[in-house]
Amino acid sequence: MLKGVSLYLVGMMGSGKSTVGRLLAEKLGYGFVDLDALIEQVSGKRVGEIFEREGEAVFRDLESRVLAEVSAYTRLVVATGGGVVLARRNWGYLHHGVVVWLDADIETLLGRVEHEPGTRPLLAGGDRHLRLVELLGERARLYAQADVRVSAAGLPPAVAEETLRCLAARLAEDSAP
């Protein structure tokens, strides 16, 4: 279907990018890359540790450099970090493939991230609901630049199937005369 073109999943933390990404990679016969996990492997530090000790700017720079390396490859499903869309230069890397926004409402996101205390540095301390609303407010217009938008409110297998359906429809549109 994608003829080797990589797939980049964007969206808020808790939207299911990593879980859905693994399912999509399996269905497409692609490799899977979790960008945050790769950043941890390259840096030897947890994402939260980078945020805490070195700051978000250092993390975002590292994220861009790792994304640049990954974008040189094909036949990958890449689960990006929620803030990857914030840096303009990252869009150049993302557009080496097809960009899919896994979109979920705040209540769905909150329900998912509440089960992962301590793993979301941008939600540390304070009201998680309010912080998610703020982050989505900052990022929604950027996520909307994706090639395809898919509701991520369902269970991961259903979201993966819907993603494939939406991709097929979009690719059919693009190839129509």
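Glycine residues also receive a Cβ, built from the backbone N, Cα and C atoms like all the rest.
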Legend entry - Per Swiss-Prot, member of Asp34, Asp36, Asp105 binding substrate alongside Arg60, Gly82, Arg139: Asp36
Inset, instruction - Compare the C-alpha of Asp36 (substrate binding site) with the C-alpha of each of the binding-site residues Gly14, Ser15, Gly16, Ser18, Thr19, and give the closest one. - result: Ser18
Inset, instruction - Mind checking which of Ser15, Ser18 has the fewest other CB atoms within 10 A of its CB? They're the binding-site residues. - result: Ser18
Legend entry - Around the Cβ of Lys17 (ATP binding site), the count of other Cβ atoms that are within 10 Å: 30
